[in-house]
Every structure is written in structure tokens, then in C-alpha cells.
Amino acid sequence: MPLLDSFKVDHTKMNAPAVRIAKTMCTPKGDNITVFDLRFCIPNKEILSPKGIHTLEHLFAGFMRDHLNGDSIEIIDISPMGCRTGFYMSLIGTPNEQEVSEAWLASMQDVLGVQDQASIPELNIYQCGSYTEHSLEDAHEIAKNVIARGIGVNKNEDLSLDNSLLK
């Protein structure tokens with residue numbers, strides 16, 4: 001089985017909240033695809049609650065599109081990490097970490113503006129595979145934490161995992 005890029009970085013050196021360009025690629029037609037690691041929590045020290053990350057998934061995907069999509073950028077997908085320490089965002093385009101950070105921060109402000117559970121998009125049995133597994137309160141706490149701590153940048157060259165540790 002191939003070793004994925006996300007497992008070639010030293011998680012003990014990651015800062016959070018922080019943006020990292022996880023991968024860049026160019027399609028055969030010449031479109032640039034960028035994958036960002038949006039790290040909300042310090043790996044192995046903090047974790048997002050299941051209900052909080054699920055609610056944030058519903059809110060964050062739309063808010064990030066509101067703040068980042070444009071003529072040269074289109075978000076393909078924003079998905080929570082299985083380890084529950086952040087999200088991966090794949091997009092067409094090449095925004096820099098600062099642009100992504102600003103959109104992320106604005107999105108967290110938007111999350112705080114959601115006043116009740118009924119305002120969470122797609123929160124119903126037809127559009128959500130686990131529609132009872134949500135907490136707006138937890139999502140608000142996550143957003144407050146990101147805003148209070150600020151968003152940094154994780155650089156791949158600073159996180160390179162020594163080959164002796166690769167398994």
C-alpha cells in the first residue's frame with residue numbers, strides 16, 4: 001500500500017490552528033489543484049468533538065465558499081479528518097496560506113452568527129446521514145477557539161518526517 005503524503009509529515013511538530021499546503025497537482029488539462037490541511041487542533045493533544053466537527057462540516061463548507069471562491073478559485077470539497085483534528089480542503093486554484101487563513105477566520109465569525117440548530121444547512125433525515133449527531137454549541141466553541149488563538153502556517157519543510165520513522 002502506498003504511503004500517503006499526509007503521513008509523511010511529523011504530527012508532533014504541527015501547530016494549530018494552522019493552514020498547510022498539503023499537496024499541489026496539475027490536471028492533464030492544466031488546472032491547478034491545491035489540497036490544504038486546515039488544522040484546528042494540535043494532533044494527539046486536542047480533538048474536535050464528534051457532534052461539533054459534524055455541525056462544523058455543514059457550516060464551514062458553505063462559509064468557506066462564500067469567502068474564498070472567485071474567478072480563479074473554486075472549492076471542490078471540504079471534509080473532516082478521520083483523526084478529528086481538522087479538515088482537508090481541495091480546490092481548483094492556488095490561493096496562498098494568508099488568503100485561506102483570512103477566509104477561515106471569516107468563516108468562524110459566520111459560524112458564531114448561526115443562532116439556532118434549525119439554521120444548520122442540510123440538517124434533516126434526507127440530506128444528512130447522521131442528522132441527530134449535531135451540536136451548534138460545540139461548533140461555536142470550536143469557532144471561538146480558532147478566533148482566540150489565531151491561525152498560523154505549517155510549512156512542509158518544517159514538518160518533514162525522518163525516513164527512519166516512516167512505517
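In case you wondered, yes, glycine gets a Cβ from its N, Cα and C as well.
Shown in sequence order, PRO80, SER130, GLU133, HIS134 are the residues of the chain, 6+ apart in sequence, with a C-beta less than 8 angstroms from the C-beta of HIS54 (Fe cation binding site). The Fe cation binding site annotation in Swiss-Prot covers HIS54, HIS58, CYS128.
Note on HIS58 (Fe cation binding site): other Cβ atoms within 10 Å of its Cβ, all shown chains, come to 19. In this structure, HIS58 (Fe cation binding site) is part of a helix by DSSP. In three-state terms derived from DSSP, CYS128 (Fe cation binding site) belongs to neither a helical nor a strand segment and is classed as coil. Shown in sequence order, THR55, GLU57, ILE120, GLU122, LEU123, SER130, TYR131, GLU133, HIS134 are the same-chain residues outside HIS54, HIS58, CYS128 whose Cβ sits within 8 Å of the Cβ centre of the Fe cation site.
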